[in-house]
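For reference, TrEMBL has these:
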type     : residues : note
DOMAIN   : 28-74    : domain 'DUF6533'
TRANSMEM : 63-84    : transmembrane segment
TRANSMEM : 96-116   : transmembrane segment
TRANSMEM : 128-148  : transmembrane segment
TRANSMEM : 187-210  : transmembrane segment
């Protein structure tokens, strides 16, 4: 392949440099996320033991917490293996859908914990619960649709580098070519939905605090302390 070859107006050397930098950034970011998860787990083991493990009965919040905490710790090494290693395009095409198909559990478990906490903080309001469950179901459907069917292997990556980690891109980007600047509309909409849901829960808590002055109680102070 000659040096003067270009993709979307860029010299091949620059394309390889940009692609290599993006791969390394993705790998460093994934490793950093897992290191942060382990650190957070280690510094909170004492509180977790007192508040979670010592609770005799199994509750919804306890179950959601265990999934949120330990699914990441136990399963994320599989993602590190897939992203940090070098594999062929054929292999990555086989694993990319199950690999990304199980990713929604990361987001949904943490959202479920926040839904339960918001429901409890507002005095177990039925209206709040119905609203938040509806939001969670809609977000779950969008998340499963995005990661389960809309992420594909970027073939251009393997054409240039031969082997790489099993990364995937939003299909709305891939239809326009890996090296074209375009908007990941599908992924952007789903991520915006997650942000809006978080915003709804924060607004519900703030409004409840203003209406009931619940920040003066021990539960309110504890909730605010954790949010700092």
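Our numbering is plain: 1 for the first residue shown, then up by one each step along the chain.
From the backbone N, Cα and C atoms, a Cβ is placed for every residue, glycine too.
Shown for the domain 'DUF6533' (28-74): DSSP residue counts in helix, strand and coil, namely 40 helix, 0 strand, 7 coil. Taken together, the residues in the domain 'DUF6533' (28-74) have a mean pLDDT of 93 on the 0 to 100 scale.
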